[in-house]
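Engineer: As annotated in TrEMBL:
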- 7-29: transmembrane segment (TRANSMEM)
- 49-68: transmembrane segment (TRANSMEM)
- 101-120: transmembrane segment (TRANSMEM)
- 141-160: transmembrane segment (TRANSMEM)
- 172-192: transmembrane segment (TRANSMEM)
- 254-274: transmembrane segment (TRANSMEM)
- 294-314: transmembrane segment (TRANSMEM)
- 326-347: transmembrane segment (TRANSMEM)
- 359-377: transmembrane segment (TRANSMEM)
- 424-445: transmembrane segment (TRANSMEM)
Amino acid sequence: MLGARTWNVVQLGIAFMLIFAAFNTSGFIEETVLSSVANSTGGDIVKHSGYYSLSIIYAVFTFSNFLAPPIIGAIGAKWSMVMGAACYCLFMIGFLKLTGWFLYLSSGLVGFGAAILWTGQGNYMTLNSTNETIGRNSGMLWAMMQSCLIAGGIFLYFVLPSTKDIDKSKTELLYTCFSAVCGVGIFMLMLLRSPPPPEEPEEDRDALVESFSAHNHHVVDSVSEVPREVKAPRETSWKQDFLRTFTLLKTRNMALLAVVFMYSGVEMTFWTGIYSTCLSFTNKLNQYNSSLLAFNALALGVGQIAGGGAFGIFGHRTNVYGRNPIILLGTIVHLIAYFLIFMNIPMDAPLNKTDESSYMHPSFTLALVCGLMLGFADSCWNTQIYSILGSLYPEDSAPAFALYKFFQSATACGSFYYGSVLALHWQLLILGTSAVFAALCYFPVEWDAQTRPQGIKIA
């Protein structure tokens, strides 16, 4: 039988899988839908409205992360996630009757909703985890969430083998389905239970305090081998929650992790948008174009689930060696993937359709292998980011995850911009260099978390 905390994490994962199966799949066809209606709206919707919408989402998301901790402190993680998910649903409902003003307004709402949704998710997972289960839970949750890529790929392959022509009636049908699936996910969030109190049975107690670094912000009177209870989050005002976010940013560990967060934004932008554009713009892969993006989504999903599932199932084994080996694995896999993409995809593929080749004839199979590797490596990074934040900041999880999403979304904004102006080899150089720097910044934080004596309070 699953314990109460484990079941809460499973239910959270299912809810996020439903929400993002709908939202991500709608994103696969959003630009096609907007382009197809651009000529019939009298200029209300323009050809590149999809890119403008994405820019608005990430811009609002970036700065809304500072508002997320006080909101979560006021209404709790559960209802913050419900509110955030409702913004996603409202955005998709807007496609039933497209207007420019509502598209851009709802894009801003999605950016705000994303901030409280993801920060709330990190906070809720931390409250339902112990030092022994945080790695398992983060891997399990990540694998469940990323299964939405599998669902999206299958949907595109069977329902929309070609996305060249999506008329109004089909758009309304699709987005009605997307909104309904998202609504089911919201309902599951509403049914989430509060984390069991620390006085629960022995298996729900933990030694989290034993391994917390100085960032716990509580003085531990003594250290023993006896498992201790999870300390409940401190009762603070919204103003204290807001200021606490900036206080955390001044610490050494958070400053180092900021580099890691920024890399996660750069590589997320690449695998979620730029790489698929490269595939579709490579004309020598045109014979596969009707299904290439669907297969790429499937490959990404398999990689994400393989990584998250492995680190969830075998988390109790990898925890013996700490998180650094998984980060090292993710870095190596990323570097290999970037090199293979450099060899396989033409340099001008991110910018426009091309008949050129790179250093080898473009290979459909290699393109999918690279997608698989990108998904796997991304899961390595993200599961360990979730894990270390949950371990280091159990009482400050809301501001810690807010800072994570702030730096990630800020660099995602910049990455989406340079992705439209830089050739592929420059983008891959940025990615490879950033991966190495991010790993070098992660390692000392993990060493510090494992070796710093307990009982010391560092502001």
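Cβ from N, Cα, C; glycine included.
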Engineer: Under 8 angstroms for C-beta pairs, at least 3 of them, ignoring pairs fewer than 6 apart in sequence. Is the transmembrane segment (141-160) in contact with the transmembrane segment (49-68) by that rule?
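Structural biologist: Not in contact, no.
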Engineer: Cβ under 8 Å, sequence separation of at least 6 from the ends of the transmembrane segment (101-120): give me the contacting residues as numbers and ranges.
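Structural biologist: For the transmembrane segment (101-120), the far contacts come to 34, 44-45, 49, 52-54, 56-62, 64-65, 67-69, 71-72, 77-78, 80-81, 83-88, 90-91, 94, 398, 401-402, 405, 409.
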Engineer: Are the transmembrane segment (49-68) and the transmembrane segment (326-347) close enough that 3 or more Cβ pairs fall under 8 Å, when only pairs 6 or more apart in sequence count?
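Structural biologist: Answer no: the transmembrane segment (326-347) and the transmembrane segment (49-68) share fewer than 3 Cβ pairs below 8 Å.
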Engineer: List, by number or range, the same-chain residues at least 6 past the transmembrane segment (172-192) whose CB is under 8 A from its CB atoms?
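Structural biologist: Counting only partners 6 or more residues beyond its ends, the transmembrane segment (172-192) has Cβ contacts under 8 Å with 8, 11-12, 14-19, 21-23, 25-26, 29, 78, 81-82, 85-86, 88-89, 92-93, 95-96, 124, 166.
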Engineer: Could you check whether the transmembrane segment (359-377) packs against the transmembrane segment (254-274) - three or more CB pairs closer than 8 Å, residues at least 6 apart in sequence?
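Structural biologist: Counting Cβ pairs under 8 Å, at least 3, so yes.
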Engineer: Short question: which residues 6 or more past the ends of the transmembrane segment (7-29) have a Cβ under 8 Å from it?
Structural biologist: 81, 85, 88, 91-92, 95, 121, 124-125, 128-129, 137, 140-141, 143-145, 147-149, 151-152, 155-156, 160, 163, 166, 174-175, 177-179, 181-182, 184-186, 188-189, 191-193, 195, 293, 297
Engineer: With CB pairs under 8 Å as the measure, which of the listed stretches 49-68, 294-314, 424-445 comes out on top against the transmembrane segment (254-274)?
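Structural biologist: Per the Cβ under 8 Å count, 424-445.
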Engineer: What residues in the same chain, six or more past the boundaries of the transmembrane segment (49-68), come closer than 8 Å to it by Cβ-Cβ distance?
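Structural biologist: Tertiary neighbours of the transmembrane segment (49-68) are 30-31, 34-35, 38, 80, 100, 103-104, 107-108, 110-112, 114-116, 119-120, 242, 245, 398, 401-403, 405-406, 409-410, 412-413, 416, 420.
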